[in-house]
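**Q** Before we start, here is the structure in question, set down as structure tokens.
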Amino acid sequence: MVPRTSVHLASYAAAAESGKLSSILVAPRPNYGSLEKFLKNDCKSGKIHIKDAVGHFDNMLHMQPPPPTSSFNLFLGAVAKTKHYEDVISMYYRMVAINYSTDFITLNILINSFCSLKQVGFGFAVLGGILKRGYSPNVVTITSLIKGLLVEKKINEAVRLFKKMVELGYRPHIKTWGTLINGLCRTGNSERALLLHQEMSKGNVLFGVPFRPNLISYSMIIDGLCKEGLVDKAVKVFLDMKEKRIYPDVVVYCSLVHGLSDAGKWEEAKAFFNEMVDQGIRPNVVTFNVLINALCKEGKIEEASRLLDLMVQRGEKPDSFTYNTLMDGFCLEGKVDNARHLFVSMAAKGEERDVISYNILINGYCKCGRIDDGWSLYKEMLQKDYKPTVITFNTLLTALFREGKVGDAQELFGEMQRCGVTPNSSTFNILLDGFCKNNCLAEAMELIQLLEKTGHELTIEIFNCVIDGLCKGGKLEDATKLFVSLYPKGLVPTVVTYSIMIHGFCKNGQLEKANNLFLEMEKKGCFPNVVTFNTIMRGFCDNNDAPQVVDLLQKMAEKHISPDLSTISLVVELLSKDGKFYEYLNLIPTFSTRSDEK
DNA sequence: GTAGGGTTAG
């Protein structure tokens, strides 16, 4: 066991420099002076590079006598700040493996690393270790665990832990509140975060603890609301913030401009942008990126390009986001050659391409049917040592299936796993959808079974896709079997699932079954939408059951479901049936939307 | 020495 030492590093440095330690030092001779400089300057300011970190760690680990645990904590904390949590964890275990001493802080850093990697279970295991070693968890420990629960979307457990900590007499730190609010916002619970925030700003003491909202808490909520598409609410919160004399900065404006332009409220977005400039807040590279992205999504690629020129003129250096966004903008317009040109010029302008640049361009090629060009880019990225991501593979798989190249897709899926890239739920959706659309239903069923066996969480969307494939492949019985197996699996059919099944029954002439399902879904609390209505009405229409269609149209009107183009063409068809135009015309209801009624 | 904020891709 390496003895724990309280001797400060400076004395090591002094001893080393005076040469007194030279006889016991192992080669290569450690440089305590430079270690201390490294810890104090680079680690504290967070300016370390992961590539150097591993080397420093090796040096530290083999110094004789060993640096104190606090130096390792400083170092591990700095590595954690670079978000290389896997490295933190492996370094911790290397310390443990040689019996190096660790302390409470080391364990807190370890918990935070596990929690940030969505491994809250391991986080709690480390908590067990903390207690076993006789330490007491502190606010930092619990804050990390709350974050861990939140990133795994265990919202109620996180709130419960928060309440528990207050009950136990811990005073949440401002960062604890921040973690809770941020976690809620990032998991699509911004409104819940907002309620919490409002309670706090009223000066109400929540869970016995006062808290004053600040720029950061407002910023997280405004951004969260924007991301959930609740932009009007976000604007209200923004105004409320200003009323409280908390002054928005470039970040808050950026969130708002982004949210509003994503919601298509381009004029409002522009107004906030102008307000920001009027306030003397300088747009930064991120602001420009958001604007460029908005223009690209609007199809205004020329304007977006001009904005790039403008930002360069203003001395704001475009980054990889800027180029990637513009590249994607070109691809969206089908101008993949322009995107390629940008891709080439990026390197010339000294901007490093990244995996995302490749993904965007590969996607651009695949979308316009130039799958071979996409493929050779994939080969190029491998050759240049860029590690393809799950998105790279998903993009190529989608394209291969669309071209009907099932064998190539299967081969690529194998390659993906050999590369160590873990498929995600989109990958499985693509595979299942691809199998179904290419009439490989046996493969689809086999994959479903494999996924279930390996404990993959299968979503209702995946089943929708397979059930649809089975229906369209004429295997209605298998589809029905799969449909009824959903409930025991704990999956709730959605309006899409019902619509697929209803479509299947209708196509098979089993209108009674279709209608029963249609009636049943509502009883189960799943309400038909315009697609469901169109589907079943189409069934009755094709079966020359006009009264049923009329009946359903009336139901649809009662439910204030707006007809779409399919509905209209159905009605036209109905009116031309049996020469009973006028008879049916009188029965067609008037549709109104809820907003009409107000 | 450890815990909280904004932009891009399938």
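Along the chain as shown, residues are numbered 1 onward.
Glycine is treated like the rest: Cβ placed from N, Cα and C.
Nobody curates TrEMBL annotations by hand; they come from automatic prediction.
When I checked TrEMBL for this same protein, it listed these features:
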- A:103-137: repeat 'PPR' (REPEAT)
- A:138-172: repeat 'PPR' (REPEAT)
- A:173-207: repeat 'PPR' (REPEAT)
- A:214-248: repeat 'PPR' (REPEAT)
- A:249-283: repeat 'PPR' (REPEAT)
- A:319-353: repeat 'PPR' (REPEAT)
- A:354-388: repeat 'PPR' (REPEAT)
- A:389-423: repeat 'PPR' (REPEAT)
- A:424-458: repeat 'PPR' (REPEAT)
- A:459-493: repeat 'PPR' (REPEAT)
- A:494-528: repeat 'PPR' (REPEAT)
- A:529-563: repeat 'PPR' (REPEAT)
**Q** So what's the average pLDDT for the repeat 'PPR' (A:138-172)?
**A** 92
**Q** Residues of the same chain, at least six outside the repeat 'PPR' (A:138-172), with any C-beta under 8 angstroms of its C-beta?
**A** 104, 107-108, 111-112, 114-116, 118-120, 123-124, 127, 130, 179-180, 182-184, 186-187, 189, 192, 207-209, 211
**Q** Against which stretches of its own chain does the repeat 'PPR' (A:459-493) lie, if we need a Cβ under 8 Å and a gap of at least six residues from its ends?
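**A** Result: 425, 428-429, 432-433, 435-437, 439, 441, 444-445, 448, 451, 500-501, 503-505, 507-508, 510, 521, 524, 526.
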**Q** Which residues of the chain, 6 or more past the ends of the repeat 'PPR' (A:173-207), have a CB below 8 A from one of its CBs?
**A** 139-140, 142-143, 146-147, 149-151, 153, 155, 158-159, 162-163, 165-166, 213-214, 216-218, 220-221, 223-225, 227-228, 230, 233, 237, 244
